[in-house]
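Heads up: the structure comes next, in structure tokens.
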């Protein structure tokens, strides 16, 4: 029989050393999910801080085009397969006005030169190009047609290797300056990205700038963007802050126009970071951007390259990918998510294929949270939860990231609104810094419970419910912070996930106001997997049984960890 105590013992030693280091450096205890469920904690909004900030103007140097003619700009990376990566960029000039004429995407080539040494490009690849238009045939609104958007895939890359690259058209010649990136490790049980940054609802404000500066300082090797990227649909052609009443100013326009040059400004703003660190995106409600003829999501679908085909998806609205020993599932909340639909069928098949001996960690992300105790968007996507949660639970998803609510919230392990040690850790990070300001009201605050007619999704059904059991039985809102809500705070910021091994991952949430403070995270916790209790190959245990098993395992783990910690500290002191 295989002896499983040795790898567990080695894991304890590794984690103990890591924890000792953290304790020595920070001087404080970092909790683990094994110690949960935690008593709900709320950090109220600091009234000395501003809830929001103005948009960065289009003439800001970070948003202005700084290349000429057909030279590449807005360069970005995205993962494709464990041995390939996609490079995207834009050439030419976009047009905006009452009458626009689309550029010819075949007029310029899509080339990437790359190699392992600076200035020495031993390989080349070609991609494809396209354009899109955003049309508003209504008086006072301006049409838009994009510059030429290029996507090219680099295959056959070696893991954990630095590459140097240029992109553009060598025949013009119009090649970019040299950029570099480092590939991630191959999927394996003990091989993980260095740091994974998680951010949502970013926008393009002064707060957004602080968030990106702080995130860049934390040096991620992968970025997860959980929807609502630019807020171009809230930056009108009539000026930087738009008009006080859109329907008053444009009574004959049935569609709220979206200012597409903000996408170009956002691409330039993000280029210094995402031209060297791959960014994986999923759509949010601000990416819907309806235009004439019922067309939606045109900018999102055209500008971003995602591994839909590689993951067996027939839609860029949902897909999956591997990053070392982590399997990511990106789901679409603004397309059909019903259990009879294509997305659900794809999700079930994708989860069924996951080999947890190769990718032990299973992380999911979509834009609107299922578990949310803020007034904003409260129970907005209850229909999606009711359709998909059982599948997410059944296959043992470890962590779920969402945005949409402009604040931070981390949940205890939960399933069907009940504490459950086999449920995922749900985390809301819709606090990137957008123009809509920080959300500060909680649904359990006196007078802040929304009505059941509020929080209607732009796309999808309404399934608001009153709780049938527990402290909120018979009510739409809890009268205190729900027991499944472990920690919440109204501040802008971003998160960093550091996966240490197949069992432990360190999650840290960084507030924007702490950007200049050393080692002062707003929230920090070790997320601990215990697959021996919640394996998809075994019947999932009910609340009482699984919690008792987890508590026993936790007690044993904590006992051995503290014994090891004692000896390690004693050795260091001696």
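A Cβ is built for glycine as well, from the same backbone N, Cα and C atoms used for every other residue.
Because TrEMBL annotations are produced automatically, they should be read as predictions rather than curated entries.
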Legend entry - Residues flagged as transmembrane segment in TrEMBL, choosing from 7-25, 26-44: 7-25
Inset, instruction - Taking helix as H, G and I and strand as E and B in DSSP, count the residues of the domain 'Purple acid phosphatase N-terminal' (72-183) in helix, strand and coil. - result: 3 helix, 60 strand, 49 coil
Inset, instruction - Go through the chain and flag residues at least 6 beyond the ends of the domain 'Purple acid phosphatase C-terminal' (475-514) whose CB is under 8 A from any CB in it; none is fine as an answer. - result: 11, 14-15, 18, 30, 32, 36-38, 40-46, 49, 189-190, 192-199, 207, 210-211, 214-215, 218, 220, 324-326, 360-361, 363, 371, 373-374, 378-379, 398-399, 401, 406-412, 414, 417-419, 425, 427, 429, 431-433, 438-440, 442-444, 449-450, 452, 464-467, 520-530
Legend entry - the domain 'Purple acid phosphatase C-terminal' (475-514): DSSP-derived helix, strand, coil residue counts: 3 helix, 20 strand, 17 coil
Inset, instruction - Average the pLDDT scores across the domain 'Purple acid phosphatase C-terminal' (475-514) and report the rounded value. - result: 96
